[in-house]
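Annotation source TrEMBL lists transmembrane segment at 12-38, 50-70, 102-122, 134-155, 170-191, 198-219, 225-244. Residues annotated as domain 'EamA' in TrEMBL: 104-242.
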Amino acid sequence: MTLSEVLFFTGFRWTSATVAVAIGNIVPALTFVIAAALKMETVQLKTAAGQAKVMGTAVCVGGSMIMPIYKGPLLKVWASPIHWRYAEHAAAAAAAPTPASAALGDVLIILSCVSWAAWLVMTNKTSESFSAPYTSSTIMSLIVGAESAAVSAAVDRSLWAWKLGLGIRLYSVLYMGIIGWGVTFAVMTWCVQTRGPLFVSMFNPVVLVVVALLGWAFLDEQLHLGSVIGAVLIVVGLYMVLWGKRKEIDD
């Protein structure tokens, strides 16, 4: 888990947010391949459930790839009544990555996705011998925190890097610690143990839709037809997989 986070945030520095989130949507496909190879997910192409899972995964990943590749015509929608001026200034001041650094960032994001998919599968295997989701998530969070602190201290030894102050740095750390890890991590661990790694990973593409909506709401980013088409495909693919999983359980 530490490896996944370090690779993601390192790669995120050298690529755009849209590309990083779009690449992250290969996690369902990677999870499906790893889980199928370990016989944790059944692939029965002759059944409706198996076909729905395979086709839904392909549609979901395809929709997530459309959003950054195809923009299409600009959609005339109403302006958002809320804008975060700090985020607008930060986005405008960010330096554009060079082609070489952007390529390296993409590679690191892909490696992060591989590590994330492997963690989802490992969590499901761990639950077979340790069926206490909240205890296991607490232990993993403590280990990840200690490892991340060690990596941070080794990479950046400046004391200024540890100074949070009372601004956005403090709020970001509190949000990531309480929501991003404390709540999300525990819920994801429970879902993996009860529904399996593929079920959890299939919700990853929804992040791209949320990013597009928040970008419009807070950063005044404009919506294009490609974003809408990609979002629709993501939702359709997600529900295809969920339907396939439900049919497998019922059968």
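In case you wondered, yes, glycine gets a Cβ from its N, Cα and C as well.
Nobody curates TrEMBL annotations by hand; they come from automatic prediction.
Model, not experiment: these values are computed from the prediction.
By number of Cβ pairs under 8 Å, the transmembrane segment (170-191) is matched best by 134-155 from the list 12-38, 50-70, 102-122, 134-155, 225-244. Only residues 6 or more beyond the boundaries of the transmembrane segment (12-38), in the same chain, are considered here, and those with a CB under 8 A from a CB of the stretch are 53-54, 57-58, 60-61, 64-65, 67-68, 97, 101-102, 104-106, 108-110, 112-114, 116-118, 120-121, 124-125, 196-198, 201-202, 204-205, 207-208, 211, 234, 241. The average per-residue pLDDT of the prediction over the domain 'EamA' (104-242) is 76, rounded to a whole number. Counting residues of the domain 'EamA' (104-242) by DSSP class, helix then strand then coil, yields 116 helix, 1 strand, 22 coil.
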